[in-house]
């Protein structure tokens, strides 16, 4: 059969062969105890659904065979319509290649398949999205067919006989496509457009990884264990600033190179040993980079200044070499390094027979780990709009994390990659919402002074970025909202289902049972983010706490660069992923902005000015705030200090809702919007004059055109906290 996961690659190679850019650390052969531990590891992985039954695997091979036949028929038909000679038509070829977790041989039950359709030079991309799309539509087995032609990496998504498949397209500068085509050949990249090069990259990287490890079976079992561990510990998400599937695969591959004769049980331990002590930002390389003189941009800190500031570079082995971890931030790297150290301690115990493998896969209680959280809520009026909106918001959460960690009062911002269905604001009104939770660690304060920390600017600059991109990509619809609120640990039960919080308190075996009961399959594959369905029943009746942080509206004009390829990737290409998970893959840096300490009675109602793209430089903590006038003052809602037993007490300052009033006036000459907000109950009426800048600069390093002429009302989020020792 033409589509085994990776059986085309020799699974056992000479250990004497040199792998990687350095000599091995150890050539020691496995002992009997190592083989026993490897078998125990396999047994420990089985309850999590990481292994697929042989019957299901054969079904995948059959489906891919049918798809391959369809591709050959389609290319032959195209060749005939373009009047090619019959001698060429007979041998024109065409082929489906696979990449990602399936190609690596580590896919899990129910995982989708990443595929690439390779065609000869006379078949063009419009043909793929027209005639091939129509051919797929005619197949009885094909369901949920959709094309995302404008994505950063254009794709056709479908379900073929119940198996989810994403198909990319690459047109090679060849007259025919031979059956034995090796996509690792750099010469194939000559004269290709950038979209074809991007489409080929997944296959080329996957194939290189498989050719750069000493023993593929040991590599696979180790990678299955590490991926499950990463998902269970909430650090599996490229788009949110952790690592995606290909990055984890490269770290495991490097470990295999350093210990070429070790079995999986030893390799898992060595993985944690190597990367808990790795001196970041030294890059992880599987082979020496090669220059093919094709003038394609490659990761090279000697040439590209911005590459020098990547925090955790893991470099893909295929030309053009890229850093697969450009989204990693100070906070996410700190979280991952801490997890590496804990993983090392646990595997030390396992190797000493003081613990079982199940301990490594116990999910930590994220909701008990921090004293303070920021809950981010994205909502839209229809399911389709919600899917698109969630994809865009999630692709930009890393900007919010970057903003928060630059705040001088914050030492860590840890976003949980798992999202949750959000509570409804109005039970009668149909609304779809998704919620993310960010754990916050505040700096320990010296002295006895009380400081009021204002996070409004950090959050507002993030929401401005999202709204600008939504408008630029013509995705924005009325009632698409982003709301942020500060929640203490003891308040989380009001927003999160009891099932989730209880599940994370259980021992690992009970966690598996609860995981299965609630359909939370943590083994699902997604190279960019966690694609995990969450239980919804418990949230439907969950109250939404408006008293502490009432969402308001403020007229914030928004715009972004329509030519920015990342914008299209985030807003178009990624929104069809399961669960609204985004697949945008370009780096974006939040600009360094400033924060402030304010007195307990201060309140700012003005939208903070947006910062522009900075020159590449290390992140700097903010020590001051952007100049803003004080527009109004209102009473604060304060919690009882005695009710919080934590060492850091918080008070939340509530802000009146500011909405675009029907009688507001827009002063063209002064560039101001006059709004009147109506307070609730004891809150005062307040008026705010919000200047509208003529040019707004994006916070994610993309150029931005002039503002649209008609500003729109968006939710303005204000979070102000009192820190006391």
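Placement of Cβ uses the backbone N, Cα and C atoms for every residue, glycine included.
Curation plays no part in TrEMBL annotations; they are all automatic predictions.
Since we're looking at a predicted model, the values are computed, not measured.
According to TrEMBL, the domain 'Poly(A) polymerase nucleotidyltransferase' annotation covers 20-213. Annotated ATP binding site per TrEMBL: 99, 100, 101, 108, 112, 113, 114, 166, 227, 236, 245, 246, in sequence order. Under the heading Mg(2+) 2 binding site, TrEMBL lists 112, 114, 166. Taken from TrEMBL, the feature domain 'Poly(A) polymerase central' covers 218-362. Under the heading compositional bias 'Low complexity', TrEMBL lists 587-601. The feature compositional bias 'Basic and acidic residues' is assigned by TrEMBL to 628-639, 677-686.
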Farthest-apart CA atoms of 99, 100, 101, 108, 112, 113, 114, 166, 227, 236, 245, 246, residues recorded for ATP, distance in Å: 21
Neighbours of residue 166 (Mg(2+) 2 binding site) among binding-site residues 101, 112, 227, 245 (C-alpha cutoff 10 angstroms), in sequence order, are 112
I need the least crowded one of these binding-site residues (114, 166), counting other C-beta atoms within 10 angstroms of each C-beta. 166
Env. residues of Mg(2+) 2 site, Cβ within 8 Å of mean position of 112, 114, 166 Cβ: 100, 102, 113, 115, 157, 164, 165, 167
In DSSP terms, the domain 'Poly(A) polymerase central' (218-362) comprises 74 helix, 6 strand, 65 coil
